[in-house]
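Sequence annotations record features per position, and here TrEMBL assigns active site, proton donor to Glu55. What TrEMBL records for His53, Cys82, Cys85 is Zn(2+) binding site. Residues annotated as domain 'CMP/dCMP-type deaminase' in TrEMBL: 1-110.
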Amino acid sequence: MDFRSHMGLALEEARAAAARGEVPVGAVVVGPDGAVLARAGNRTREMRDPTAHAEMLAIRAACGIFGERLTGCDLYVTLEPCAMCAAAIAAARIGRLYYGAGDPKSGGVAQGARVFAHPQCHHVPEVYDGIAGEAAAALLRGFFAARRQG
Ligand SMILES: [Zn+2]
């Protein structure tokens with residue numbers, strides 16, 4: 001099967017999040033057949049919920065369709081997942097994780113907690129980083145620059 005990136009859709013969700021005044025992060029869950037199961041952007045402010053990260057919302061929605069385990073599914077997210085989301089990705093048995101920009105502040109995959117490298121991590125997805133990373137990073141920079149001026 002040809003590889004088709006869904007990062008463009010994740011970036012759309014990130015832009016929609018920014019338009020709602022949320023930190024611009026977007027995520028998409030794709031099923032084993034390549035169909036989009038769920039897409040979401042950050043909603044922590046709107047939902048008053050610090051766990052309402054794009055990945056968490058997309059995983060919850062996809063599990064509503066697919067079941068508790070997303071075996072064989074892929075997750076695209078514009079920013080390196082934090083430790084909470086990385087743990088959720090492992091628990092959901094996501095097959096492949098594609099992310100855009102690295103996150104030195106809160107990332108938990110390539111830095112920080114490095115959740116997937118931990119011996120207690122029972123499922124490790126294949127990880128591909130830097131997918132449209134510059135576009136994702138530019139969105140975040142623009143958002144925080146505008147917020148500092150506002
Ligand atoms: Zn997170």
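Positions of Cβ are set from backbone N, Cα and C atoms, glycine also.
In sequence order, Ala27, Ala40, Leu75, Val77, Pro81, Cys85, Ala88, Ile89 make up the list of same-chain residues 6 or more apart from Glu55 (active site, proton donor) whose Cβ falls under 8 Å from its Cβ. Secondary structure counts, DSSP: the domain 'CMP/dCMP-type deaminase' (1-110) has 35 helix, 27 strand, 48 coil.
Mean pLDDT for the domain 'CMP/dCMP-type deaminase' (1-110) in the predicted structure: 96.
Other residues of the chain with a Cβ within 8 Å of the Cβ centroid of His53, Cys82, Cys85, the Zn(2+) site, are Ala54, Glu55, Met56, Pro81, Ala83, Met84, Ala86, Ala88, Ser106, Gly108. In the structure shown, the C-beta of Cys85 has more C-beta neighbours within 10 angstroms than that of any other entry among the binding-site residues Cys82, Cys85. The number of other CB atoms found within 10 A of the CB of His53 (Zn(2+) binding site), across every protein chain shown, is 26.
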